[in-house]
Amino acid sequence: MSIVTKSIVNADAEARYLSPGELDRIKSFVLSGQRRLRIAQILTDNRERIVKQGGQQLFQKRPDVVSPGGNAYGEEMTATCLRDLDYYLRLVTYGIVAGDVTPIEEIGLVGVKEMYNSLGTPISGVAVGVKCMKSVACSLLAGEDSAEAGFYFDYTLGAMQ
């Protein structure tokens, strides 16, 4: 839940106006909006590069994934793996834009471990792929922007533990 929604819900539950502290937090959130949008735009503009290089790093670190019998063996399964990585990158951009993990959690992480287990896909391999994408994505950003994006990648990774 965004800081705006959370503040309004809390104030309304107490039948009061927003406090000066809540208004300050909302102001900070709004002022950080341009930065969050810029970060999301950079990641979106570079999504093919991030997914491709992240996938290449995954396959170097985990060659078993693309070896015969691996979950990403063959062209079709490799494409499926890269599609999944792209999905997690998209979720990260949603979180960045919202300034909150709720979209990541509600759209894409509920039942993620169970889903991959039911498919016979080790979640650890998916997590390595997301970690590799984090490395590529954060290399495109500087300082606070990199830390901001890193937070949402880390949140996604935490749900895969």
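Every residue gets a Cβ built from N, Cα and C, even glycine.
Residues or ranges marked as (2R,3E)-phycocyanobilin binding site in Swiss-Prot: Cys81. As annotated by Swiss-Prot, N4-methylasparagine applies to Asn71, with the evidence given as similarity to another entry.
The CA atom of Cys81 ((2R,3E)-phycocyanobilin binding site) is located 8 Å away from the CA atom of Asn71 (N4-methylasparagine). Look at the residue listed as 'N4-methylasparagine': DSSP puts it in coil. Within 10 Å of the Cβ of Cys81 ((2R,3E)-phycocyanobilin binding site) there are 24 other Cβ atoms, across all protein chains. The Cβ of the residue listed as 'N4-methylasparagine' has Val65, Met77, Cys81, Gly120, Thr121, Pro122, Gly125 as same-chain neighbours under 8 Å, each 6 or more residues away in sequence.
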